[in-house]
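A short write-up of the structure that comes next.
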Amino acid sequence: MVEVTLAPCNHSLSGEIKVPGDKSISHRAIILGSLANGVTKITNFLDGEDCLRTIHAFQSMGVPITQEGSTVTIHGKGFSALEEPKEPLYFGNSGTTTRLMLGILSGLNLFTTIYGDESLTKRPMDRVVNPLREMNATIDGRNDGKLLPLSIRGKKLRGIEYTLPVKSAQVKSAVLLAGLFAEGKTTVIEKIGTRDHTENMLEAFGADITRNGLSTTVTSNNELIASDVQVPGDISSAAFFLVAGAIVPGSEITLKNVGLNETRTGIIDVLIKMGADLEIKNKRLVSGEWIGDITIRHSELNGITIDGDIIPRLIDEIPIIALLASQANGETVIKDAEELRVKETDRIAAVVDVLSTLGANIQGTEDGMIIKGKTPLKGGKVLAYHDHRIAMMSAIASLVANDHVTIDDASSISISYPSFFDHLNSLI
Ligand code: S3P
């Protein structure tokens, strides 16, 4: 437990930040680099706990992976060279590692058991286990395979056509990755688009993949070819400072090299719709992903409704958007975000608890929240629920609070943004 107390900030924020690498892309780079033949060099890799779990998983299967800061080198020998891990694989807090690895482990000729921390042990795995079982996977575990720990007896899979019942890129990715080892074609159809980094990277690594709107098909029997990956800055991490710049009077912050993949930029659309003064410069394509520099300046903001197709494009940003809404005039309604109930914690309950403790006018609903602003925030002691995004939202809230904010445990921040407090202090 690392209790942190933050003093109110009585002045504007200014400066330039290079946020760390994207978490989703860092995981996928390790996964595809480890399955591929040849040397994959990853730069700007996110050196956060979740991504380190993915590295460890492949090291346990005999893949030589070395790391020097944010540069990772993988000497891949193809997926047939992967070895059976001698011990159960521990995935800590990482839902992405767990769900994506389930897709891979199901199709390799290996036996594995996997487990995680208290939070991960409560999160639903049937959303991945069900389609994988349809593909002939042998997975068993607690509660008939709905919950960790799980054991996987990998074997030859068969391709399926699967329409995603949940708006989840993790489920989509698990099925597509399993498709690499399946007989015939594996097609995933989405009703609403979710982040497409797996598809982008499969293309870059030479997989046999075809995309047609919200339908993606992978065919097996192909060898992946190593490909260097330059990881963009994580827009989900940038979001905390975008909101800080928008709500702290007089501020101007620039975030460099931020990932601008359209499946992730819902936060930018929301900021603009609420009236933020935001500018994107230097937009360019790097390793198959758009990146650019974002400058945000403080401005008057107005409440809006956030629902429907935009939700998967900002699902991880909803905690910080709730804080933003508390500093906007009028009502903000967030709907269709029931997935928040099954994140690292129940993020609807956690956000409502933290922000109402600090004096915001916020009410939880089954699938979202309603926030009425603008409300001055007060100090207080908040619980971060061992959730990195709740802890960082609380820290940003302290910037507009009129007294000290104490966060019960900020250690979870190392999951996705180990340098968060250094960056925050550099702006103050
Ligand atoms: C992720 C997808 C999202 C997101 C998570 C990372 C990914 O989860 O919340 O932080 O890398 O695929 P779901 O796909 O389950 O919504």
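Just so you know, glycine gets a Cβ as well, placed from its N, Cα and C.
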Same-site 3-phosphoshikimate binder from Asp140, Asp144, Asp316, Asp367, given that TrEMBL records Lys23, Ser24, Arg28, Ser168, Gln170, Lys343 = Asp316
Go through the binding-site residues Ser24, Ser168, Gln170, Arg347, Arg389 and pull out the ones with a Cβ less than 6 angstroms from some atom of ligand 1.
-> Ser24, Ser168, Gln170
Which listed residue (Lys23, Lys343, Arg347, Arg389) has most other Cβ within 10 Å, given these are binding-site residues = Arg389
Within 10 Å, the Cβ with the most other Cβ atoms among the binding-site residues Arg28, Arg123 is that of Arg28
Around Gly95 (phosphoenolpyruvate binding site), which residues of its chain at least 6 apart sit with Cβ under 8 Å of its Cβ?
-> Leu120, Arg123, Gln170, Lys343, Glu344
